[in-house]
Amino acid sequence: MNSVNSIRSTFLDYFHLNGHKVLSSSPLVPRNDPTLMFTNAGMVQFKNVFTGLEQRPCKQATTAQKCVRVGGKHNDLDNVGYTARHHTFFEMLGNFSFSDYFKEEAIFLSWNLLTKEFCLPKDKLLVTVYHSDDVAAELWRKISNLSDEKIVRIATVDNFWAMGETGPCGPCSEIFYDHGDEIWGGPPGSANEGGDRFIEIWNLVFMQYEQVSKEERVELPHPSIDTGMGLERIAAVLQGVHDNYDIDLFRALIGASQEITGVEATGDFIASHRVISDHLRSCAFLIADGVLPSNEGRGYVLRRIMRRAMRHAHFLGVKEPLMWRLLPVLVREMGQAYPELVRAESLISETLKLEEMRFRKTLERGLGLLNEASSNLKEGDHFNGEIAFKLYDTYGFPLDLTQDALRCRGISVDVDAFDKAMQRQKTEARANWSGSGEAVTETIWFAVRDRVGATEFLGYEIEKAEGIITALICDGKVVDHISSGQKAIIVVNQTPFYGESGGQIGDSGIISSGCFVFEVHDTQKKSNGVFIHIGEVKSGQAKTFECVELTVDVVRRQKIRANHSATHLLHEALRQILGPHVTQKGSLVLPDRLRFDFSHPKSVSSEELKKIEDLANDIVLQNSEVTTHLMALDDAISEGAMALFGEKYGDEVRVVSMGNPLEPEGLKKRWSIELCGGTHVERTGDIGLIHIVSESSVAAGVRRIEALTGTAARLYFNRQDERIREISSLLKTVPADVGERVSNLLHEYNRLSQACIELRKKIILSGNTIKNNQEDITIINGISFMGRVVRNILPRDLKALVDDGKKQIGSGVVAFISVAENGKGSAVVGVTNDLTDKLNAVNLIHILSDVLGGKGGGGRPDMAQSGGPEGDKAVGALAALRASLEKI
């Protein structure tokens, strides 16, 4: 069978046999392209190759690239589930030539694969060429024997590809498949080309020009090839179906969705099952590549996708988290091709489950409000954009969910009104905000770099060096000298000072000459390679182009080194104890402590923290050598080095290795191997000791540990030991017995506290606590009523009193009001079960709440609570309740 997995393998094997190097898919978050939110095409990882900024050892490559298209020019989100071919996540199969073969070979390779390997009927295929590309048209005739009617010339920009306003560009040739005349639609270039009969399955881009300016385009001396074939589309063709959602992969996901929900994928429910299956793929792969749900950037897009799927799960009647239950099916179907899914399965599962649980209340409330606000609308109407904004701003219900929920009823949202409301809020927010007054901009560092070049870093080998001052900055301006007492920035041609980056704080120390002393408080490394030394002139006057001596604070740096090396050991220990899904999400390396943020869906238990700490300290005790090597990025990754998500790496990287494996770990020769530009200890024993002092949550799916090393850890234990001795002295016991002694005291305290509570309840229920209480129990309209005012009783204890009161009267109503020291009143009303058919505690509590100045209240028919600021009206509140019972 032509399964998705076999088609992918056939494609890659075919091009491998034809001289192409098979390369892995790049992550969904582009490593070196800030212009893209997500990887959306196969050529993204080769962008710098095509522009000449990067060289690859191979001239021909082939990939199966995972892609996400949501937002910007390529935004398929709103259409997903309602068409046969739109997806948020898809795979793009591609072959690439970097200044090697060109049009003839590209056309031959594509035609041969489709007709010989995939055995597609030639009469089902037709192609397009750019209207002026006579060479491509002639090559198609020669290679395929297609008639002129099957080689369609297209004059629109759709058949001419450009990377941007400038850069490589060229004509395209698209290959279409004819699904048959039973499906409406015409061939490309016709009036009915928007139909679904003729579907593009492959696009060949002939990069033969460079766009120099808007008016000028020149021939490239060495043209290239970039092609892209949608795997889901070709799978539909080869499996004999017209709809992408009918291929084996989606059949498996939708089948599982039907089984779990108990709802067939028919009628109005088809789109929901499709949305869930598609969105599961994009969510799972984004999480596997390090994106976690948040309220900004990529994390916000992920959250939008997840919540759209949740809305459709809600439409299917699902009351519990669904997507995580479908994940094992996705891993089974795609895990072999993409092992990152297997590695991150537990993280993906927990993230999906937690996000769905968090959003469920918002979803239910938002849909309820939306249904209420749109109840009078009919098909073709517009929903008020101001109300849509209120749903978003007040209740956290996103616009796209409002649109999606109304779409099935044929109702659109007034987006212009929504945007105006959003803009009005932003304008008001800006009016209430005042800036920081920061005068220095980043442009100054580019000017310095252009004038004097980047700073050479010497600090891996030495901590003292000589250099020449190349720039002085004071009050945000470049100056030629600085004097005693001035706070300023010094730039030197070379420095041993480490500039803050990769989470490691910058060095401090002294820059001096015979004429001045400058105290460096911090060192920063700017993105263009300029190191800036921030500090204050302590004496004398410094001038540009003066020869100086730079001396790093060695003691401080040693502490930083120990903490940085400890983060590497903790990172690996976290992965070994919690699982390979753990990846670094942030770090802070200071002289006195370290902080490490990592991906993990739930809190780390005390037992797990102890195992992590013990494992890291085992490597410290090895006292093994810490080594650094420069090597090619691909070689480093193949040797097991961990690349940090979101970091940009060049062709050559610095690899830091430490520790010997505690057990055989395949080809991995060192315990921890990471790409890192920071400073580290010479041997793991130099760390001394690692102690984790806290574990907490940073964001959904991100945890944080803080730790101490060396002297800081020793001092921490000394302080703890001193505290234990002080406590043991107070408890009149030895330190070893402190735990048992405290446990006994707590047990006795709890026993006495409970005894006090029971005694107080007896006193209150006896009716002798406050003068204004009515005597015992009164009968009103045949209903027994106990109403009392008490002092300083907590709400939870007040409930217990009401329960006891209900037992005491057997049948009737019990109302207690507790007046606190601050004058506020807390009220609880109880109704015995035999009376709840005619008396509701929620209605009765509202009477008390109104008198106490409160806002309603809530609960069950047999028990409700409320309160208010006017506790001095407690007696009047009980009187109002009695009066109400008299009217029944």
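The chain as shown is numbered from 1 upward.
Just so you know, glycine gets a Cβ as well, placed from its N, Cα and C.
Computed from a predicted structure; not experimentally measured.
According to DSSP, His564 (Zn(2+) binding site) sits within a helical segment. Other Cβ atoms within 10 Å of the Cβ of His564 (Zn(2+) binding site), summed over all protein chains shown, number 26. If you look up Swiss-Prot, you'll see His564, His568, Cys676, His680 marked as Zn(2+) binding site.
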His568, His680 as binding-site residues, winner by CB count within 10 A: His568
Residues satisfying Cβ distance under 8 Å from Cys676 (Zn(2+) binding site), sequence separation of at least 6: Gly502, His568, Arg654, Val655, Val656
Other residues, Cβ within 8 Å of His564, His568, Cys676, His680 Cβ centroid (Zn(2+) site): Gln504, Arg561, Ser565, Thr567, Val626, Val656, Met658, Glu674, Gly678, Thr679
